[in-house]
């Protein structure tokens, strides 16, 4: 590399404001969190960045519903449950491995379809890595599932970002099958949804799919006045007291796989399977709305389909995250900070690449630039200079699942050793190269930290606080390359 280019790089890296970012170059991984920072929900959001996005999702959904027609209702329900907690941000997909995840809330019992979303995400990552959000996949998959069940096809505005939080406590206010009509109205109004939306998204959506006896048995202790006496006996035979609560029965009797307006006729005739559907017809306003969809003529069916799509689009806009409010997850089941927290410095690599291309077009690889920039960043932080062997070629594949192999701040020492050995690195290399990704203070001392320092960390990183807030890894020495961090007892749980 010429002296002029070396000087150019040194000048750019020596700026003190850039030192913190530059040090992250040691662990660079192709990552783009801000590509759509100014974006808004819009139709055809991916038309330029991933033109085949919607067709990829549609193909996956079509295959899933062909293999199992019940998947259509499953995917429709998945979007409903996602949007009613934290907004339509894919938070229901997150799986940390404990019972605190949103998906394990009582109101989410039986929610499924995660496998279809994961498959669609995997396909999208092959063609457009890091572009399409999981939240958008959920919305598109619900639309395509409805179409596969002979329901209406409608355009879905996209551009949602994936949420960063998934907490079981946030799902406690989901609409429940045992809710009264007033409670249901209240829960829908809190989301900006009308009585008509309630009829369409609750009862109307139940035109396809099944429910577990677990949700039916409580209303069969005695004769429920909202249930036809003959149908009451049918339900009792399907879901007997003391029977298997996991047995599933159709929500729209005799029409569970076809999107139509039969569900409204069933509710009127006292053949609503779950209480929250049946009580709708006991409210005068809801009754009028249901009756408007009862006619067997084509205009009535068309009105139901048209109104249902409007309600779905309206629901799909609840609490969406856009731009810097969220992220584009690499895996739908985990937020990116699990693997790539705070990785930055891409702008520096871009600037260096531009400078190199001016003098040696098509010669120096990005991989070599990363290695050299990391070395020069260390020098800038008063670290030692070393020669960097070069000649790396840039890779052609970027696969999100490979990021699961990255060392994690919560890894045990055995796991860390194994991960480093897989890369041909020793225990000494582990000590020298390992870094602190983030602190998690959950009511216990970490790594024998002193009580005073524990309280400092708790103050800086309170439970439930902003998880992207940054603190020094080497306390009081974050801008200088030295061995102070090895003297400290206050490190991550490595």
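Backbone N, Cα and C define each Cβ position, glycine as well.
TrEMBL has this to say about the protein:
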- 81: active site, proton acceptor (ACT_SITE)
- 82, 85, 87, 89, 91: Ca(2+) 1 binding site (BINDING)
- 175: substrate binding site (BINDING)
- 207, 252, 260: Ca(2+) 2 binding site (BINDING)
- 50-128: disulfide bond (DISULFID)
- 83-88: disulfide bond (DISULFID)
- 134-332: disulfide bond (DISULFID)
- 213-239: disulfide bond (DISULFID)
- 77: site 'Transition state stabilizer' (SITE)
Close in space but at least six residues away in sequence, with Cβ under 8 Å from that of residue 91 (Ca(2+) 1 binding site), the same-chain residues are 82, 85, 102, 162, 163, 165, 166
I need the CA-to-CA distance for residue 87 (Ca(2+) 1 binding site) versus residue 207 (Ca(2+) 2 binding site), whole Å please.
24
Any idea what the Cα distance is from residue 134 (disulfide bond) over to residue 77 (site 'Transition state stabilizer'), rounded to a whole Å?
16
Measuring Cα to Cα, tell me the gap between residue 213 (disulfide bond) and residue 260 (Ca(2+) 2 binding site) in whole angstrom.
23
When each of the recorded positions 50, 83, 85, 239, 332 is scored by other CB atoms within 10 A, the minimum falls on 50
Near the residue listed as 'active site, proton acceptor', which residues of its own chain have a C-beta under 8 A away, given they sit six or more steps off in sequence?
92, 107, 108, 111, 174
Do you know offhand how many angstrom separate residue 260 (Ca(2+) 2 binding site) and residue 77 (site 'Transition state stabilizer') by C-alpha?
16
Starting from the Cβ centroid of 207, 252, 260, the recorded Ca(2+) 2 site, name every other residue in that chain with its Cβ within 8 Å, sequence order please.
206, 208, 255, 256, 258, 259, 261, 262, 263
Judged by the number of other CB atoms within 10 angstroms, which among 88, 128, 134 is the least packed of the disulfide-bonded residues?
128
